[in-house]
Each structure stands twice: as structure tokens, then as C-alpha cells.
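So the structure is just underneath, and the comments pick up after that.
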Amino acid sequence: MVSPLVEDLLNGRSGMLAALGPSGSGKTHTIFGCGRDPGMVPLALGRILSQEDNKMQSQRIFYLSMFEISSEKGKSEKIFDLLKDGADLFIHQSSIKGMREAILYDPLQAESLIASGLLKRATAMTNSNNQSSRSQCIINIRCEYKEVNGEVGDNSNSAVLTIVDLAGAEREKKTGNQGIRLLESNFINNTSMVFGLCLRSLLEHQKNPRKPMRKHFQNSLLTRYLRDYLEGKKRMALLLTVRPGEEDYLDTSFLLRQASPYTKIKFDIIEEHGILNHNKRPVQRTPSYVQLKRMKLSKNEDSEINQGSDECPQLLNKEAAAKGMKDVSLTDARVQSEEIISIEANVGNILRVDQVELERKERNHHILQNFGKALWKVLKEYKKKLEVAENEICTLRNCLTSEKSRSAELENQLRDWQSNCCCREGKKSLDCEVAENETCTPRDHITNEKTRFSKLEYELRDWRSNCSSRKGILSEVSFREVDEFERKDLEDHQSNDYNKVESSTGDATAAEDQENTNELNAASPQWNGKEPAVLSGSCSSTDQEYRRKEESFVSKLSTFQVTFVDRDMDTLLEEDHSPFDSVLPECCTISTAKSSLSFENNSSFLVGEDQTENKEDKTAQQLERSTRDATGVEDLKISNEMKAESADWNGKAAAILSGSCSCIDQEYEQGKGSSGKNSVVSTSQATSINRNENCLLEEDHKLSISVFPECTVSSSNSSLTIENKSSSPVRKNQTCNGEDKRLLGPSTPLMPGEVVGHGDNNVVEAVTKHRSGTKFQNADKPKRTRRLLPVSSILLKDIGSINFKDENEKPKGAKTEKNGASGENRTQGSISLLRLLKDNLAI
Ligand SMILES: Nc1ncnc2c1ncn2[C@@H]1O[C@H](COP(=O)(O)OP(=O)(O)OP(=O)(O)O)[C@@H](O)[C@H]1O
């Protein structure tokens, strides 16, 4: 491998051999070798020094220099001469100043010099190598030709064979270096990397001459020293060493991949200093001289040479004949002619060198021109890129400004929106709210709903306040009526007592009547106290109606018909109209007139019809039987049965009470008028009670005839009408009409001792019982019972004016004693009705 380089050296051409490879791969061993296996350096020295013939040995001299480049504490590089003891060197423009060179005489002397230099080389033990090189070692074998006069000239006429032993690249994980060793390793790796970069740059430059060669050689002393080789000006050979181990596969493959392209590197052999050139004296020529000499030679080259060769003996013969010179002069002429020939040869060499230099300059000019063009194109491309980048920057700026303006608009819109939402909270129009809810956020919708709810609460308060005011009006009316009834009741008590005494039928004494009167008087305040409660029930129904209205406001549905309550006060009619919407069943229609109230049941009592019919049949039969039979025993039995029925229906009679309240009121008024002052009870309007069943209508007809003998009872398919057209008193006096007693006797079934009771009251009781029987199915429904509260309150308002005391509040002992007297005392039916109301309505 080193032989071509040695031949080039001997021919006057410089060359370099560099060993590359990882640490411990055998670079040093390959370069220097050992005793048995000599390396490249011993082989080259042996080749150079052994083949020198005597002639050439007298003309040239070989020098040996050896130095190393190492790191100085990992910070800088230093050059250390291995042949001179402890001498530091410095590099200047690819030449090292002060380096010692040793003249080589024979191979053994050279090997000894190298061995002494290796001993001075920096080495250390690492994990990869027991004697790892820590520096780049360079060996120069310079061959210099002697001058004609035997003197040694400058280095310009010498060739150098450079052999480099690079420190192997190391992996920290593998070597485990630390501290100074680690710094040395970094230095070694850095130098190896720079060396490789220079080679790569040279290769790329040779592939593409337009691509300039980068100056990586400046990054280390080694590459600076080997600049001519790394720039391709001199021949170079690379020697790669690898480790055979499997663990070194990665390093080996990496090195081969990295160095394989280097085989394509070509070298332009420019410096061709032949041995002849070194043997000859160098001629100092200026370019003008060279040009002039070339011109002369070009004109007279052939003629002069020919003439010199042909005419020279003739010239010498003429001169000898003419001047009589001797043969010695001929030899001098030959010597001169040889000199001329040699000069011509030198001139020819010079011309050839000049031509090569000219070609080189032209090529360099061409290269520079191409480089300039390429550079211009690159600059143009960069300019275009800059323009594009500027345009992008402008567009981005425009986008940024537009985004800023947009964000500002959005902020303004947000502020407007917030302000609109604040203003919207103050609005009360529902239409506006609905319209705004379309654009409001859910939060706004919640606030709107809250305002709406608060507004509804205000309306509810207003409604309640109206109800309270209405309650006051009603209470005034009821109290006024109650006072009148109290006064009338007292008169009735007195008249009844008087009549009882006259007819000698009662066992009751005046004292008992007085007690009853007192009890009634005591009961009256209680009812007066309960009146507001009833009214409050009405108000509660009004609240319910308000809630229902609120619901209907949302659902936009109207399910109830208009109701009407008869009142003397026209102003109260409309106000009281609404409570009945909630009180009465939906199937009931309430018709109103100036001073009347009628309830019409449009629905059929389909549930429990048979049972209702049976009950009513029984009641009618009992009534008829009691009419025919005037015996007290039968009446007592019937009354007991009625009482049992009453007990069964006690919990269910509330509903029918609402339907029959008007009849009861009228009957009560009639009875009160007949028992008292024979006053005329005038009912301007008939009360209609609808029925779906014909059988019930017939029974009702019969019963009504029996109950209202002086009334005109008309029945239709779904209604029963009782009309009192006469203005005469219905009942005059129970002592005056005995038939009335028999007729009305069975209608007093509640109290066992009341078989012969007050006729009017008994009629009321019978009607009440009858109606309660027909309303049995409705009474089973708790909702309708609850809805009946306001109507019951109306009834109770009238009944409350009776000023009776509840029977249950009396002592049991006194109850049995006073049953007869109290039952005879006119309001037994009302007492039963009151008890029913209290039990079912929980008043
Ligand atoms: N071809 C070979 N024949 C015999 N021994 C060898 C050979 N190559 C390497 N060795 C041995 O391997 C060891 C390491 O070799 P060497 O010192 O030359 O490696 P290196 O590449 O120079 O390492 P470093 O870069 O660390 O200096 C030495 O002891 C050497 O004797």
C-alpha cells in the first residue's frame, strides 16, 4: 500500500498515508509494526534507503521528521517534536517552524529514530487499548535533491512522504474515560471528525465543482498541516483498520460507510518535480523572460537544434583549419553543444510548465466564473425567498389587523348584548320577553323566567287581596243573615214552645226550651267563628283556580265553563263565579239569573247506577209506606233504616249536598216561614236538578210531590224541576195539618225520637237524604268532595245562621232526655246535615 507513495516520493512527488479506525483496531501497529511484522514506516524506509543507487544517492538526501499533535488539558492543541527533546512547535501556513529533521542514511538508523520518537509519544491505557495513542502522530520522509554544486537547496525542490497515525475515535461508553482521558477523547474525536469533514467537502467539491470547498481544515492543527492533501493537491492514501469482534460491528460498519465515498476522490497531480528538475539548477525566470524565450525558441528551435547538431563539427573544422586549433577545441565545442541542448531542454520544460500553469489559470477562471454564476443564482433565489417571506409577513400583518378589528367588534357586540340583557330585565311585556328569548342566552332566559315568576307572584298576591276583601264582604253578608236567622230562630223557639204547650203533645218544659235556646245561642257564635274558615276554604279554592289559570296560561287551554253564583249583590256575582269553576264537577253547568242559582248536571251517573236506584227505590218505598202507615212503630223502623243509610252515606253525602243545597235552602226557608210567622216563602225561580235516569226522575217526581205538595214538579229526560208558583205559605203550622205530619213523618229518620217532628225540617231532611243517595257515587271521589267545599260553605253560611249547637257536644245523658224535645224543636234535619258536613268536610 505504501509502495506507490514511495515511488512517487522517489520520483519527486509528495504523498500521504493516513491510518483511520476506531481505538484499538491496530492503526499504530499497522503504521509502525513490530520486530517480526514491520509496519508501513519501516517498509517505506527500507524501500527508500535500500534501492538508492550510488548515482542517485549522491544527488538526493532523505530526511526524517516526527511530531505529534495533542490536546493541552482539553482546551487547545499543541505540537510536540518527537525527535527533539521537549521542543514545542508551531504551525504557520501549513508549515511547521523549528521542526528537527534527521538525515537518513540507512534503514536501521531510521528505525531507531522512529522507535525513540514512539517512546516519547503520549499513550495511555484505556478499556479499548492498553497502550492507546492519545495524539496524532505524523512522520515525514522528505527527499531533497542536491544542487549541482552539492549544496542542499530549499524545500521547494523536495518531495515529502507523510505518514499519519491518527488517534482512534472512541466511544465514551466503551472506553469509560473520565477526567483528562475524557478531554483527550473529545479532542481525538473532534480531530477525526474534522478530518472526515474535509474529505467529504473535497469529495463534494470534486463531484460538483460549482460547490465551493469548505474550510474545515481550519478547525484543527492536523488538517491545517495536511491542507494540500485534503484539498486534493497531493496524492493521499487512506488506511482503514477495524476490529473483528461482534461487539465492534457498529463501529466497523459506521467507518466503512463513512470512508467508502472517499475512494472516489481524485487528485490533480500538479506538482511534478521530477528528479531531473532537482538535479538541475533552478532558473530564476520572470514571466517576461519566459515569454520572450518562448518566442525565440518557437522561431529558431528546430533550425538551431539541427544546425547545432549538423553544422557544429563543420564549424569546428573550419575554425580549426583556419585558426589551427587542436582536437581539444572540438571536445569543448561538444560540451557547449551539450549545454545548449540542456538549455533547450530546460526551456522546453519551462514552456511546458508555463502552459500547464496557463491551463490551470484558465480553468480556475472558468471555475470562478461558474462559481460566480452559481452564487448569483443562489442570491437570486434568496432574494425571491425574501420577497415571498415579506409578502407572507404583510399578509400575516393584515390578518392580524383584521383579527384585532374583529375582536374589537366582538367586544362591542358583547357589551351591547350585555347592556341589552340588562335592559331586558326591566321589561315586563311577555311578548317582548318571548321575542327576546330567541336571542338571549340560557342565563338570560333564566332571569326572564324569574321575573315572570315574580310577576305571577304579584298577581297572586293581588288575587289574594281581592279574595280577602271579597271574604270581608261575604262575611258581612253572612253575619247579617246570621243575625236575622238568630232573631227568627228565637222567635221560632218561642212559638214552637207555645204551640207545644197548647197541643199538649210535648213533654218538654219551658225550661228545656230555654236550655235549647241557650244552646242554640251558644252554638251561634261558634258558627260565626267558623264562617271565615268556610270562606277561607272558598278562597283556597280561589287560589286553586288561580293556579289552574296559571297552568292554563302556559298551556293555552281553557277547560272550564263559566259558572255563576246567585247573589243579591250584582257586584259579587262575577267575583263568585270563578270559585264554582273549581268547586263543581266539570260535567256540571251552572246557569245564573238575577236572583237564582241552578246547577245542571250534564253527565250521567253511570257508576253505581243500580245501587243508586236501589237506594232511591228503598227510600221512595219507605216514604210511601210511611205515608200510608201512620204508626209510630213503622216510622221508627223506617227512621232507623234511614239512619243506617245515613250512617253509611255519611262519608259520601258531601257531594250531593252541593247539588241539593238550593233545594234545601228553599225548603228550609219554607219550613222556617211556616213554623214561625207563616211567612211567605217566594222562590222566584225554580231549582232544576238534572238526572239521567228516568227511574230516578220518576222517583224524584214522586218524592218532590210528596215533599213539595204545593209545588209544580216537572221532569224531563235529564232534569227534574220543582217550581213553587204559589205565594201562599207552604207549611202553616204542624199542629194545623195532620196529614203533613204523616207525610213528612218518614222524612225525619235520623233521631229515634223524632218520628213526629217538625214537618218542614223533616222534609228538608228527607230531601237531603234522598239527594245524598243519588250522589253516592260522586261522594266516593275525594277530589269532587274537596271541590265541594266552597258550595258547602255557601250552604253552611245559610245553615250557620240557624245558630244550633252540635249534638255531639251535648252530654250523653242530656242527649237522650232532650232528644224528643230538641227533635221537636224545628231544626233536627239541619243538625243532621250539620253533622254530615262536619264529618265529611272536617269543618
Ligand atoms: N495485525 C495485528 N497483529 C498483531 N497484533 C495486532 C495487530 N493489530 C493490532 N494488534 C495489537 O492490538 C493492540 C492495539 O493495537 P494498536 O495500538 O495499534 O491500536 P490502535 O488502533 O493504534 O489504537 P489507538 O488508536 O488507541 O492507539 C496492540 O497491542 C497491538 O499489538
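Heads up, the Cβ atoms here are built off N, Cα and C, so glycines get one too.
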280-331, 488-539 - the one TrEMBL records as region 'Disordered': 488-539
Additional residues around ATP, ordered along the sequence, whose Cβ is within 8 Å of the centroid of Gly21, Pro22, Ser23, Gly24, Ser25, Gly26, Lys27, Thr28: Asn129, Gly168, Thr241, Arg243
In three-state DSSP terms, the structure that Gly21 (ATP binding site) belongs to: coil
Least buried by Cβ count (within 10 Å) of the binding-site residues Gly21, Pro22, Gly26: Gly26
Averaged pLDDT score, the domain 'Kinesin motor' (1-265): 81
Nonlocal neighbours by CB distance (under 8 Å) for Ser25 (ATP binding site), same chain, sequence gap 6 or more: Gly168, Thr241, Val242, Arg243, Asp248
Distant-in-sequence Cβ neighbours of Thr28 (ATP binding site), under 8 Å, six or more positions away: Ala19, Gln131, Ser133, Cys137, Asp165
Distance-selected binding-site residues near ligand 1 (C-beta under 6 Å), from Pro22, Ser23, Gly24, Ser25, Lys27: Ser23, Gly24, Ser25, Lys27
Ser23 (ATP binding site): tally of other CB atoms within 10 A of its CB: 24
